[in-house]
Amino acid sequence: MMPTTSATRVTLRAEDIGKAFMSGKVRTPVLDGLSLSVRAGELTLISGPSGCGKSTLLAILSGLQRVDTGRVFALDQRLDDLDPRALERFRLLHTGFVFQGFNLFPALTAREQVELPLHYLGVPRREARERAARSLEEVGLAHRMALRPAELSGGEKQRVAIARALSKEPALLFADEPTSALDAASGQIVIDMLHRIARVHGTTVLCVSHDPRLIGHADRVLSMEDGRILNDRRETTPGVPTEGLVP
Amino acid sequence: MVALARKTLVHEWRRFLPAILAVGFAGLLQLLQAALVLGIFSSASIYVTGSAADLWVGYPGTQSVSLGRSIDPNVEGRLLMDPAVERVEPFLWVDADWRGQSGTGGESVYVSGVDPRPDGLVFARVLPPALRMRLREPDAVIVDQADMDKLGVRVGDSATINSYRVRVVGASSGLRALGGVNVVASLDTARVLDTDPADRDRPTYLVARLHDPAAADAVARRISGARGFDRYEVWTASAFARRSVLYWMLDTGAGAGVLFLAGVVFVVGAIITSQTLVAAVAGSVREYATLNALGVGMRALRWVVLEQATWVGVCGLLCASVFGAALLALARGQDVPVVLDVPVALACAVLTMGLTTVSGLAAIRSLRHADPASLLR
Ligand SMILES: Nc1ncnc2c1ncn2[C@@H]1O[C@H](COP(=O)(O)OP(=O)(O)OP(=O)(O)O)[C@@H](O)[C@H]1O
Ligand SMILES: [Mg+2]
């Protein structure tokens, strides 16, 4: 597994970015002159009140949305001047996502959910099956591989979604409110899992949440309000083992 | 490859059932109307399809068997000169007026003058040899069982055709005509009935049997190309039969009716199917958006929707085939005239798959709601 020395490398960078939404004739600025760097190998949590622009920031850093002004770099590549096809390609090669909703296909088993993106990545069929199994093992669902979403609990579904993102072996993993549809215990498991992924795989994990319970589980917490980052805190005692992902 | 489209179809079959039924129903309607119309109009070519000839030679430009004009009898020699030709036989068509015994009003009849030899080519498939031999008696005619009442006669009765006395010596079956009544006579009798002086000693058609029926196309082209005598045209039996059926379909407007109904069925089927597919895409739009967030291109997602439409089409076609086969068998059992050949069945299948493809293309448009940024809230 990747050593923690990469924890120092900056993989995501926003420089003086601005974003506003038009609702009718009214222009509502959401982000204004925001700059930020995120490092690999750690879990960075962006927290703040509802509507402050956290999800918008995540969408911009992950190449899902465009900025109005400023520049965005991911893995030393400028994202803000890529065309939509190139952005899709960048996301295919480098990013994983975990959303609040699990967004699993009802017809597919856990293993097929995880396999599906791998095919589009060009992974051969057999290898895809093996990688899917490995990722599901990593999130502790080895015994649930053949089940469909209707047969899984909420926490298990979110773990399938994590395995789906993880099996692509992305350098960047984005999570938007990954725990807010879950009970406290399941949320705990999920955030710890994301933390371990950052440590074990050297992945850049950027998580966005308004849930204050997650703060203790992150390596670094950025507090956001009204489209700005007010506070950048590094947790000195992460206290998460780097072996195995399953608690 | 994870067969997302197919697995979704199987897992959520209830959701797709309306589309499958719409496609199946559209396919079934196309199939049945084609079979019925072909069945009705196939009697326009019974003279050709009921005969054992490989080639038909008639007046140039003849659109349908019933519209023939007399040709030079010396063409027979020209045909026999070709080494591929085994036998040639004349066929006489006479439009005539029938009066039954009771002296009621006239019926217009089509008299077919055929060679009464037991192995004669014309109507070889309709008239059994024994029945055919009876045409050798002087003034003998055969009428179809189904036309007896209309003509007011029974076997053994006499009647007049173009004021000439004839005797009904037998009843055929399956010889009903479009827009008239078929009467079969020997060539000699038919010549007597023909009152048009221009037709004197001239046949309406010459039919030929070839040593090798498979060579019909080539021989027809060869003989057509070398015109020495009078003007004539050569068709293969299948081409002339098709020509006759097509003429009637277009002449009566039935062809336009078929196309109109096919269009209506296509549009209604496509509307129902596309609505169902749109709903199915909308039901999975967040999952599609997630795949797009993970980098799966929109183009690949469109293929998934199209594949789903294709499966719906295949399932619908299967339903249509099963029900269609059952209904056609039922219709045949009830003497309803239905005819279906492979090209027409294929055309129906292609039309039905076209319908599902159009529906799939319509459903693709709802993929634009699969915006991954909308998953971040
Ligand atoms: N597509 C959009 N069109 C118009 N306004 C938008 C759009 N997306 C976001 N906004 C607005 O931008 C602001 C920030 O939205 P954002 O989703 O980033 O908030 P958030 O911090 O993630 O909130 P929450 O914690 O509730 O998820 C909100 O006021 C929202 O109304
Ligand atoms: Mg949000």
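Note that Cβ sites are derived from N, Cα and C of the backbone, with glycine treated the same way.
According to TrEMBL, the features are:
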type: DOMAIN; residues: B:35-224; note: domain 'MacB-like periplasmic core'
type: DOMAIN; residues: B:260-372; note: domain 'ABC3 transporter permease C-terminal'
type: TRANSMEM; residues: B:16-41; note: transmembrane segment
type: TRANSMEM; residues: B:245-271; note: transmembrane segment
type: TRANSMEM; residues: B:309-330; note: transmembrane segment
type: TRANSMEM; residues: B:342-364; note: transmembrane segment
Who are the chain neighbours of the transmembrane segment (B:16-41) in space, where the CB to CB distance is under 8 Å and they lie at least 6 residues beyond its ends?
9, 178, 245, 248-249, 254, 257-258, 261-262, 265-266, 268-269, 272-273, 276-277, 280, 308, 312-313, 315-321, 323-324, 327-328, 331, 336-341, 344-345, 347-349, 351-352, 355-356, 359
Residues outside the transmembrane segment (B:245-271) whose C-beta sits under 8 Å from one of its C-beta atoms, at least 6 past its ends, are 22-23, 25-26, 29-30, 33-34, 37-38, 40-42, 44-45, 63-64, 67, 178, 351-352, 354-355, 358-359, 362
Where DSSP helix means H, G or I and strand means E or B, what are the helix, strand and coil counts for the domain 'ABC3 transporter permease C-terminal' (B:260-372)?
98 helix, 0 strand, 15 coil
Reported mean pLDDT - the domain 'ABC3 transporter permease C-terminal' (B:260-372):
92
